[in-house]
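Scroll down for the structure; my scribbles are underneath it.
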């Protein structure tokens, strides 16, 4: 028999306006291990609610500034590359695809995070949570695009004579397409696997969003542990596979650079890789933080702070690194501003 049941376990004081969360009782859920269970169709995002209240405005301002900087900066990069014909090269095509990925990634996470920092009601519906989890996996698209950019550098440095043939516009478009397709497939697969499980309560997500690992802790049933292991293995395999290909590309790149006779030539060639290599280090360093477990009484709060390094700081730092280290892009942005605001002088 299907009915409704009120929340019957203790909840923190900060969710008082949302205390009465209905549960949907189903025969399948109730039959798990012969116990009475309730199927959750709403979740409560804990996020930063356990932090001191006087810190929340500072968190809000910090994340808002980073979000606006990331959004406007990536839009500026895309507009500059589109308007400057000399930037219509594979490297900047991949950079534009990376900018689109970061915009969608932050757009799915940052507005909800900013809203929860100011709101007292932190509930999220089942479908909204599944959608956010799907966009969370744009981090995989980010990894795939970084791998493609590493391959582009490998072709440019190790096979310069064949570069224009092997990295044609059609080939670059295909690489971007498959990077996006791979990230979308990963996101869809993880979301379907996680939300195929039964959630019996509690329904508090100790994260500022619907992250897969946080949701798997709330699932019930005999298959939960095997599904958790499978999701972790799939995610880690995808990330480590991309990292292995990037490292392999740099092995050949370094071997080629070392064969250049002049020190100036080696320095000039390696400088073209610095931005990409730095972003790769930042991306994988912050991604690895998510899988490190904290010990102690404040581990949940520490996990929330750790998650911000990957979801908020990585797009922010990637934008700074690519824009500040690329002189050609900086000059193109300056010229675009000059043409926009000083048409007579240009």
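Every residue gets a Cβ built from N, Cα and C, even glycine.
Predicted automatically and left uncurated, TrEMBL annotations should be read as such.
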Here TrEMBL annotates transmembrane segment, and of 36-57, 58-79 the range meant is 58-79
Per the Cβ filter (under 8 Å) with a sequence gap of at least 6 from its ends, the transmembrane segment (175-199) is approached by 28-29, 32, 37, 39-40, 93-94, 97, 101, 126, 129-130, 133-138, 140-142, 144-145, 147-148, 151, 212, 215-216, 218-221, 223-224, 227, 230-231, 234-235, 238
Given the transmembrane segment (58-79), its same-chain partners at Cβ distance under 8 Å and 6+ residues beyond its ends are 48, 51, 95-96, 99-100, 102-103, 106-107, 110-111, 113-114, 117-118, 308, 312-313, 315-316, 319, 322-323, 329, 333, 336
| message | Within this structure, do the transmembrane segment (304-324) and the transmembrane segment (91-114) have 3 or more Cβ pairs under 8 angstroms, counting pairs 6 or more apart in sequence? | response | yes
On the domain 'G-protein coupled receptors family 1 profile' (73-322), the mean of the pLDDT values is 84
